[in-house]
Amino acid sequence: MTEEHVVLLDEQDKPSGTLEKYAAHTLNTPLHLAFSCWLFNEDGQLLVTRRSLSKKAWPGVWTNSVCGHPQQDETTEEAIIRRCRFELGVEITDLTPVYPHFSYRATDPNGIVENEVCPVFAARATSVLQVNSEEVMDYQWSEFKSVWKSLLATPWAFSPWMVMQASDEQARERLLDYCQR
């Protein structure tokens, strides 16, 4: 994959430039655009992934299915499809916004900061996974309610963005509705 950049955002969440992805994620990460996607299979199970140990931020933690950064002149939906193919080797359908105005700032144990405007989507996986081990070290299909119980019991085992997204009652209800259709 070619070098990725993040789209930097100003105080009004408007694009203000780009920065190479790894250079952007530091102790003083600037506000930038991202996305988060929760994938469900045909049985309504959620794909939970464990981030590779080579990841700069939150290596080895469990998280929602796929996250990433739209590139300049790329829609969020196009970026989600691209990252699903790259990280999970999977095709998706029924891409649906579930928490369009999510944003957060969090610092990992190594001091790396995430500072993102990060719309959240749900989608349906339509092919068999072919996981990229440089991105994902483990994965599991689980019932959404079981994942929610785990998030409540052991939030430290999951990415902070996943915990925050699922903690929003409206987003959680939308995800639950999505997995049941």
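Using N, Cα and C of the backbone, Cβ positions are placed for all residues, glycine too.
Here's what Swiss-Prot has on this protein:
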- H25, H32, H69, E114, E116: Mn(2+) binding site (BINDING)
- 30-164: domain 'Nudix hydrolase' (DOMAIN)
- C67: active site (ACT_SITE)
- E87: Mg(2+) binding site (BINDING)
- E116: active site (ACT_SITE)
Would you kindly give the Cα-Cα distance separating C67 (active site) and E114 (Mn(2+) binding site), rounded to the nearest Å? 12
Mean of pLDDT values spanning the domain 'Nudix hydrolase' (30-164): 97
Check H69 (Mn(2+) binding site) against DSSP and tell me helix, strand or coil, would you? coil
For E87 (Mg(2+) binding site), which residues of its chain lie six or more apart in sequence with Cβ-Cβ distance below 8 Å? T49, V66, G68, V131, N132, E135, V136
I want to verify one value. Collapsing DSSP to three states, which class is E116 (Mn(2+) binding site)? strand
DSSP-wise, what's the residue breakdown of the domain 'Nudix hydrolase' (30-164) into helix, strand and coil? 31 helix, 51 strand, 53 coil
Additional residues around Mn(2+), ordered along the sequence, whose Cβ is within 8 Å of the centroid of H25, H32, H69, E114, E116: V6, K21, A24, T29, L33, A34, N115, C118
Cβ neighbours of H32 (Mn(2+) binding site) where a neighbour is any other Cβ within 10 Å: 25
Would you mind pulling the DSSP three-state label for H25 (Mn(2+) binding site)? coil
Quick one: Cα separation, H32 (Mn(2+) binding site) versus C67 (active site), in Å? 13
Chain-internal residues near E116 (Mn(2+) binding site), provided their CB is under 8 angstroms and they sit 6+ positions away: L31, H32, L33, A34, S103, Y104, R105, W161
Under 8 Å Cβ-Cβ from C67 (active site), six or more apart in the same chain: what's there? A34, F35, S36, C37, R83, C118, S159, W161
Name, in the order they occur in the sequence, the residues of the same chain whose CB lies under 8 A from the CB of H69 (Mn(2+) binding site) and which sit 6 or more residues away. E4, H5, V6, V7, K21, H32, L33, A34, F35, A79
